[in-house]
């Protein structure tokens, strides 16, 4: 099967291009799609740092590219945006599409250990397979200069991946992240089904738990959270993460935004701050 990426669409935007690609993923055992936004390039030899975006529950690789408006500042800052999908697709595992918060569109950026969900290896896909694929096929991307951010489930993914791989990413930020999944319904459902009953394994994918283990964070973590987000108190619980950061002496800027909800209206309002946050770290 073709593991090299094939371009399936291209749209010009702010002088650069949104390009969508398809490839076969050996790690996930299925075909996957991802988007890259290439900023305008004044010369053929210019290389761009990479900013990975991880999307939330039910999303694909398209939501962020079409709704966030991130390309405007990514263009002016010279940062390439990479948006992968949120789970394996088309495997026809029994029950994979029975609920919106588990299975298809809900990979939780972990490596499943339960045999039924053995293809759900989104952690390895994002951390290992995708960067290697990019470095081998897109010479204009400088994959050694990378940062990561995301929304909701993707915010959880970005934080946990960053904390465990600070040698690979220069910075991290998140919109309304699931910061303490071992203590919320979304997280408990996913972690139980993907990882089984060993709670110690769950903690390996919980940012609030990981902060105490990987607390050598030098660049401030930026989190924006809408105060009118209906998931704020029972699913997201940013103050749990804030308390853990204070105890571990980790720099965190948690901004509670009055009136904003969980949607892309919220994300697009504050996306410029996040792009600039990462651009500064990537260009140090």
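Note that Cβ sites are derived from N, Cα and C of the backbone, with glycine treated the same way.
Annotated features in TrEMBL:
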ACT_SITE  152  active site, charge relay system
ACT_SITE  229  active site, charge relay system
ACT_SITE  262  active site, charge relay system
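It is 11 Å from the Cα atom of residue 152 (active site, charge relay system) to that of residue 229 (active site, charge relay system). Across the structure, residue 229 (active site, charge relay system) and residue 262 (active site, charge relay system) place their CA atoms 5 angstrom apart. Within the same chain, residues at least 6 positions away in sequence whose Cβ sits under 8 Å from that of residue 262 (active site, charge relay system) are 152, 176, 226, 229, 230, 231.
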